[in-house]
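K.L.:
Pasting in a structure now, in C-alpha cells, and then I'll have a few things to ask.
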Amino acid sequence: MGGTASTRRVTFEADENENITVVKGIRLSENVIDRMKETSPSGPKSQRYSGTYGASVSDEELKRRVAEELALEQAKKESENQKRLKQSKELDAEKAFANEQLTRAILRERISNEEERAKAKHLAKQLEEKDRVIKKQDAFYKEQLARLEERSSEFYKVTTEQYQKAAEEVEAKFKRYEYHPVCADLQAQILQCYRQNTQQTLSCSALASQYMRCVNQAKQSTLEKGG
C-alpha cells in the first residue's frame with residue numbers, strides 16, 4: 001500500500017469571473033486549464049467547467065503539472081514585464097532626447113536674443129557717441145562764430161574811433177573850411193546793419209570793409225591836400 005501513489009478525482013470549478021478555475025484551493029487561469037487538458041489522457045477538450053478532470057490523477061502528477069503551468073505563466077509574465085520595461089526605457093530615452101533637443105533649441109534662442117540685444121546696445125552706444133561728437137562740434141563752431149562777431153565789433157569800434165579822431169584832427173586843422181562827413185552813406189548803412197543784426201554782427205563785415213576803404217581813401221586824400 002505504501003508503494004502505490006494515491007489517486008483522487010479532481011474537480012474544476014468556475015468562480016464569479018467565469019475565467020478562473022479553482023483546483024484544490026489553487027486559482028488557475030483559463031489558459032493554464034486548457035493546456036493541462038490538452039496534455040491530459042482523459043476526456044474531450046471541450047469539457048471545461050463543472051466536470052471531472054481525467055479518470056484518476058495522482059497528487060504528484062497534479063502538483064507537477066500545476067507547477068509547470070505556473071512556471072510557464074510566471075515566465076510569460078516576466079517576459080511581458082521585460083517587454084514593458086524595455087518599452088518604458090525606450091520611451092524614457094525618447095523623452096530624454098526630446099527634452100535635450102528642446103533644451104538646446106531654447107539655449108540657441110536665448111543666445112540669439114542675447115546677440116541681438118548686444119548688437120542693439122552697441123548700435124545705441126555708437127549713436128550716443130556720434131551725437132556727443134556732433135554736439136561738441138556745434139559748440140566749437142558757435143564759440144568760433146561768437147569770437148568772430150566779437151572781433152568784428154571791436155574792429156568796427158576801433159575804426160570808428162580812428163575815424164572820429166582823424167576827423168577831429170582835420171577839423172581842428174582846417175576850421176575855416178566847411179566839411180561834410182566822409183563816407184556818410186556807408187556809415188549810415190553800417191549803423192543800420194548793426195542795429196538790425198545785433199546778434200550776427202558778422203553779416204555786416206562786407207559793409208565795414210567798404211567803409212574802411214572809403215575812410216582810408218578820404219584820409220589819404222585829405223593828407224595829400226594838406227601836405
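FYI, residue positions are counted from 1 along the chain as it appears here.
Placed from the backbone N, Cα and C atoms, the Cβ positions cover glycine too.
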K.L.:
In Swiss-Prot, Cys193 is listed as disulfide-bonded to which of the following: Cys183, Cys204?
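P.N.:
As annotated by Swiss-Prot, the paired cysteine is Cys204.
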K.L.:
Name the residues of the same chain, 6+ apart in sequence, whose Cβ is under 8 Å from the Cβ of Lys142 (N6-acetyllysine)?
P.N.:
none
K.L.:
Using all protein chains shown, find which of the disulfide-bonded residues Cys183, Cys204, Cys214 scores highest when you count other CB atoms within 10 A of its CB.
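P.N.:
Going through Cys183, Cys204, Cys214 one by one, the largest Cβ count within 10 Å is at Cys204.
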